[in-house]
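Features reported for this protein in TrEMBL:
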type	residues	note
DOMAIN	24-411	domain 'Major facilitator superfamily (MFS) profile'
TRANSMEM	25-50	transmembrane segment
TRANSMEM	62-83	transmembrane segment
TRANSMEM	95-118	transmembrane segment
TRANSMEM	124-144	transmembrane segment
TRANSMEM	156-177	transmembrane segment
TRANSMEM	183-202	transmembrane segment
TRANSMEM	223-247	transmembrane segment
TRANSMEM	267-287	transmembrane segment
TRANSMEM	299-318	transmembrane segment
TRANSMEM	381-404	transmembrane segment
REGION	415-438	region 'Disordered'
COMPBIAS	415-425	compositional bias 'Basic and acidic residues'
COMPBIAS	428-438	compositional bias 'Polar residues'
Amino acid sequence: MTRRELQTSIGPRRRGPVEADSKNLMLLWAGQFVNTAGLMMLVPIMPFYLKDMGIQGVAATQTWAGVAIAAPALALTVATPLWGRLGDRIGRKWMVVRALLGLALAMVVMALAFSPLVLVAGRLLQGALGGVVEAAAAFAGSAGSDNKRGSSLGKSFSATAAGALVGPIAGGVFVGAGGLRQLMFVIAIAAVVLAVGSAVGLQEPERSRSNGFQASRGASRGAMRVPGAVPLSLAAVGAYFGVYGLIPVFAEHVSGIVTAPDSASLWVGVLHSVMWGATLLGSFWWGQRNDVTGRPVRAFALAAGGCAVSIAAVVLPLGPLALIPLRLVQGFCFAALAQSLFLHFSRHAPEERKSSLVSTANSFLLIGQSAGPLLAGPLVLAMPVSGAVLVMAAASGLACVLALGPARAEKHAVADSAGHDHAETEETTQLSLSSPRS
């Protein structure tokens, strides 16, 4: 055995790309799961939870619920471009660590809240300092091979769906047992543990060195150069406005169709979990589909249309049991929205701006995510609940229409790329056949 072979056999073994990607995915998945579970545990039962805090009346309850639901997204809308630029400069890995520590701090504040105002403050802190999902998406969008990036994002977003599925169930169980605050402390501890694990275990791919200031300075300008950036940004606002604006309205709608008023919160939790269960399964399918077709914008348009139809159908004279198929469709379609948008933007971003461009795209989703719940309360006061539901459906439908133009342009671009690759293959084959044999 030579000295080099001996050093190799006893020296530290470097992880291969596949092993590193697997460990990265595991850590990112766990972080997103804990983050989303903590974020969503109160969302479907927020109106009922606020009533337990002493809020009375439909108007006050809906207003506080809308503010509390929208607060994290509202804060994250402002913060996420700044975090994205910082991630491009110091590394996306450290943005994941930072977001997990921010989540832990926010959960402690929320666990100590005994009034709606303090609860909203904790939710704002959760958005401003958090952003685990966004940081993980930027990391996943820059890691792995190009032809599997859609699958990586799909697997990453499945953690969001799993957290949104488990969080409300755990919240409902623990709030009934009087242990919701203790659960928040548990989530804070888990976030700290995962932050340490991510700091040690995440392996970020090598990046070309560039001027971080210039890269961050040009991020917004670069985002607008992505094909279809303007209509897709507006479509992102509309799609998330409709989906998230439905949440507080949906609780009021279910309260009006159940026979036993005491069962309303149970049905809201069940139907919410059904939707996120479909999102969990759909995340994998859409990710693989985007890799196969190479057309994430088309996936976004189809999914936005599916959300619009399934939301509009809620106003039909149906019982809560009959709403289950509609929630399955909505959840499956919702799974495609963010990951398809992020994949499209990351594919057209230079390596040194991937975090910034993904964060910019996410900002438009967050605008819709915060505006929908905020306007849900005034809409319920201004019109019947069914009318507010149709407004949310119309917003998602508008998102579908806005995405159709970029989807057609994407179709031509994919066809041109395929034709160019085919021509290069034929030329290479002809050169090989015509070359003299030795």
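Each Cβ is built from the backbone N, Cα and C atoms, and glycine gets one as well.
In TrEMBL, annotation is done automatically, which means it is predicted and not curated.
On a predicted model such as this, the values are computed, not experimentally measured, just so you know.
Beyond its flanks by at least six residues, the transmembrane segment (299-318) meets 232, 235, 238-239, 242-243, 246, 250, 253, 257, 286, 289-290, 293, 326-327, 329-330, 332-337, 340-341, 344, 386, 389-390, 392-394, 396-397, 399-400, 403-404, 407 of its own chain at Cβ-Cβ distances under 8 Å. Within the chain carrying the transmembrane segment (267-287), a Cβ under 8 angstroms from the stretch's Cβ atoms is held by residues 43-45, 150-155, 157-158, 160-162, 164-165, 168-169, 172, 247, 250-251, 254, 258, 299, 303, 320, 323-324, 327-336, 339-340, all 6 or more beyond its ends. Here the transmembrane segment (183-202) touches the transmembrane segment (25-50). Their Cβ atoms form 3 or more pairs under 8 Å, with each pair 6 or more residues apart. Ranked by the number of CB pairs under 8 Å to the transmembrane segment (223-247), the listed stretches 25-50, 156-177, 381-404 are led by 381-404. Only residues 6 or more beyond the boundaries of the transmembrane segment (62-83), in the same chain, are considered here, and those with a CB under 8 A from a CB of the stretch are 39, 42-43, 46-47, 50, 55, 95, 98-99, 116, 119-120, 123-131, 134-135, 219-220, 244, 247-248, 251-252, 356, 359-360, 362-363, 366-367, 369-378, 380-381. Panel annotation: around the transmembrane segment (156-177), residues 25, 28-45, 49, 52, 133, 136-137, 140, 183, 265-266, 269, 272-273, 276-277, 279-280, 282-284, 287, 331, 335, 338-339 of the same chain, lying at least six beyond its termini, place a Cβ under 8 Å from a Cβ of the stretch. Within the chain carrying the transmembrane segment (95-118), a Cβ under 8 angstroms from the stretch's Cβ atoms is held by residues 27-28, 31, 34-35, 38, 50, 53, 55, 64, 68, 83-84, 86-87, 125-126, 128-132, 134-136, 138-139, 181-182, 184-185, 187-189, 191-192, 194-195, 198-199, 202, 355, all 6 or more beyond its ends.
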